[in-house]
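**Q** Can you read through this structure? Questions will come right after.
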Amino acid sequence: MSGRVAVIGAGAWGTALACAMARGAPVTLWGRDAGVVRQINAERTNRFYLGAAELPGAIAATTDLAEALDGARFVLLAVPAQTMRAMLTAMVPHLHANMVLVSCAKGIERDSGDLMSEVIAETAPANRAAVLSGPSFAADVARGLPTAVTLAMADEKAALAAAEALSRPGLRLYAGGDPTGVEYGGALKNVLAIAAGIVAGRGLGASAQAALTARGFAEMTRVAEALGARVETLAGLSGLGDLILTCSSAQSRNFAYGLALGRGEDTSGLKLAEGVATAHIAARIAGDHGIEAPIIAAVADILDGRLGVDAAVSALMARPIRVEGQ
Ligand SMILES: NC(=O)C1=CN([C@@H]2O[C@H](COP(=O)(O)OP(=O)(O)OC[C@H]3O[C@@H](n4cnc5c(N)ncnc54)[C@H](OP(=O)(O)O)[C@@H]3O)[C@@H](O)[C@H]2O)C=CC1
Ligand SMILES: O=C(CO)COP(=O)(O)O
């Protein structure tokens, strides 16, 4: 499977993915902001989202969806999860059935509880859906630093062909046949990264940080498995891999959001933290299914102002003693 690549969304991730893709072939990049698009084409930078990073000349940016999608075989969707449905709806008139729609977003739709692959299936049922997720900061990918992520489709053979077609020097794609697991991994790690940031911001220590990450991994695995994912997927790049990355670095916007919360600082001017919207719906889904998810529930309660950080920590520490792994 080969073919031209279109990237939808000229924020940090979309622009970084376009940089990676341009190392193999020309790529079109759709952005909604004419100023950003002009800057990418004329100055080869996207300063607001990627600072001084120099963008390859093989990226053709446009605000015109029809132009961006024309002739594309793979369409990488890199807009925030809560805007994915509207974005796809606008794209539908320009889609052809042979285009593979690859969600690169990490989140659960807040109103419906849908994963991004489900949003694709509902809005563009004639197209095949894929998901791409794993430990990958946009700044690293834009610079061409070595990165490995998973591309999953319900059809594993098709995923392998797509992973081969989209791998580039510096960006190695592993194929997977469990999109549900890959998506829950990517979405839930954002919620746990907020929790890790809170722990750091509150100055609770490195031991608490490690415990939170390990118990967070147990929790995300439990939730995802109950919702149809394979446990081994969660132990891969788009579960454990991404959890380790984002629970340990203030470069993560979700971690940085939690850090501010833990320090009692204002979060209103901060960059996109997908875990905020996902925390609410993930807590609701876990509650509805009777899945034990105390950290996710605590993050949702803190974000909603129902629980203070110290009370949340006390409550987590006071839970009944149990056998680890159950
Ligand atoms: N940044 C990263 O390191 C990574 C991010 N991701 C995921 O990628 C997704 C996108 O994140 P990221 O690029 O970082 O976010 P950014 O905030 O950097 O960029 C978001 C982009 O989406 C655009 N946008 C926002 N709302 C809409 C809308 N309603 N319709 C169309 N476009 C819209 C923004 O346009 P405008 O500038 O005009 O507001 C901007 O170009 C998230 O789900 C994130 O979790 C995944 C892996 C790595
Ligand atoms: O998903 C990411 C890295 O894999 C980016 O994390 P943040 O959205 O928290 O910055």
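Cβ atoms are placed via backbone N, Cα and C, with glycine included.
Because TrEMBL annotations are produced automatically, they should be read as predictions rather than curated entries.
Per TrEMBL, the features are:
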type	residues	note
ACT_SITE	Lys189	active site, proton acceptor
BINDING	Gly9, Ala10, Gly11, Ala12, Trp13, Gly14, Ala138, Arg253, Lys271	NAD(+) binding site
BINDING	Trp13, Arg32, Tyr49, Lys106, Ala138, Arg253, Leu272, Glu274	NADPH binding site
BINDING	Lys106, Gly134, Ser136, Lys189, Asp242, Ser252, Arg253, Asn254	sn-glycerol 3-phosphate binding site
BINDING	Lys106, Arg253, Asn254	substrate binding site
DOMAIN	5-158	domain 'Glycerol-3-phosphate dehydrogenase NAD-dependent N-terminal'
DOMAIN	178-313	domain 'Glycerol-3-phosphate dehydrogenase NAD-dependent C-terminal'
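Provide an account of the burial state, proximal residues and distances for the features listed.
**A** Classification of Lys189 (active site, proton acceptor) by DSSP places it within a helix.
Reduced to three states, the DSSP call for Ala138 (NAD(+) binding site) is helix. A sphere of 10 angstroms centred on the C-beta of Ala138 (NAD(+) binding site) encloses 21 other C-beta atoms.
Sequence-distant neighbours of Tyr49 (NADPH binding site) (same chain, six or more apart, CB under 8 Å from its CB) are Ala10, Gly11, Ala12, Thr15, Val36, Ala138, listed in sequence order.
Taking all protein chains in view, 25 other C-beta atoms sit within 10 angstroms of the C-beta of Gly134 (sn-glycerol 3-phosphate binding site).
Here Asn254 (sn-glycerol 3-phosphate binding site) comes close to Asn190, Val191, Ala193, Ile194, Gly197, Thr246, Ala273, Glu274, Gly275: these same-chain residues lie at least six apart in sequence, with C-beta atoms under 8 angstroms from its C-beta.
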**Q** Cα within 10 Å of Gly9 (NAD(+) binding site): which of the recorded positions Arg32, Lys189, Ser252, Arg253 qualify?
**A** Arg32
**Q** Using only C-alpha positions, which one of Arg32, Ser136, Asp242, Ser252 is spatially nearest Trp13 (NAD(+) binding site)? These are the binding-site residues in the record.
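**A** Nearest listed residue in space: Ser136.
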**Q** If I restrict to non-local contacts, at least six residues apart, and a C-beta distance under 8 angstroms, what lies near Lys189 (active site, proton acceptor) in its own chain?
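**A** Same-chain residues close to Lys189 (active site, proton acceptor) (Cβ under 8 Å, separated by 6 or more) are Lys106, Gly216, Met220, Gly239, Asp242, Leu243, Thr246, Cys247.
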**Q** Are there any residues in the same chain, six or more apart in sequence, whose C-beta is under 8 angstroms from the C-beta of Arg32 (NADPH binding site), and if so which?
**A** Ala10, Thr63
